């Protein structure tokens, strides 16, 4: 503030010198009293950011923080150095009793102490080792006679004595018990092969051909296609089967129907024993029949169309057959 007052005084003197043309410069006046404080000036604009200040002094250590979360187990560290032995610590609290150590060596016999109080009876100890055999004792006196013992085991058989004289013949004994069955004897030699039995035979199978199809009615059908007739029991010329072996026979027929209706019968000695009828529709058809009959020697069996030519539609060609079969089941002789 003093600097401001000094500048004001010097300014006033300068103005008075320039205003007086003839005035001389006098001696400096006495400095005036300080003026009153002026009004505070307005805030200046923010200056540019200053340089970074020097680092402050380290603060005082803070208080201990809260315990953090337990971290994962770290890897084992390297073996530390063996430091010098530290100062002996205070005695720790008494630990739990340890296991029994090995038996120590027997110490010297101490002085006999005062008799202690009788303790509780201890547990039974382990069986001790057998001690050495003691010296033989003196022979005792003979004891009293004991009771009679049990009979001993039978001794060995003695040598046979001399043969005695023959005694008188005794009475005849009863018959003995029947003995056990003997062992099975060896198998005998194989016998000679016997003669084969004569089995009676009789069989045939015959059929129609293109020539013999549509046979005439009311007469034995002459089957001229021989499939089997080794014994010639079926006569192709007559169309009849003649019995040469008395017995039971089976007869069967299979017919193809074409262009006309069919009505056939199986005849035995002139008697019709089986009938088959089939009506022709528009294509080939099949029909069949079978029967078992007992025959005597000389009996005759055949097939024939019944009902006229309207019912003789028995057909045969390269692809279709009409057959008649008979054979012996078993003989009655």
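Along the chain as shown, the residues are counted starting at 1.
Glycine residues also receive a Cβ, built from the backbone N, Cα and C atoms like all the rest.
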Annotated O-linked glycosylation site residue, as Swiss-Prot has it, among 66, 73, 88, 190: 73
5-hydroxylysine: annotated position in Swiss-Prot, out of 49, 127, 192: 127
Candidate set 31, 144, 168, residue annotated 4-hydroxyproline in Swiss-Prot: 31
Nearest-integer angstrom distance between the alpha carbons (Cα) of residue 40 (4-hydroxyproline) and residue 34 (4-hydroxyproline): 17
Secondary structure tally of the compositional bias 'Basic and acidic residues' (183-193) (DSSP, helix then strand then coil): 0 helix, 0 strand, 11 coil
Cα proximity to residue 127 (5-hydroxylysine), best match among modified residues 31, 34, 115: 115
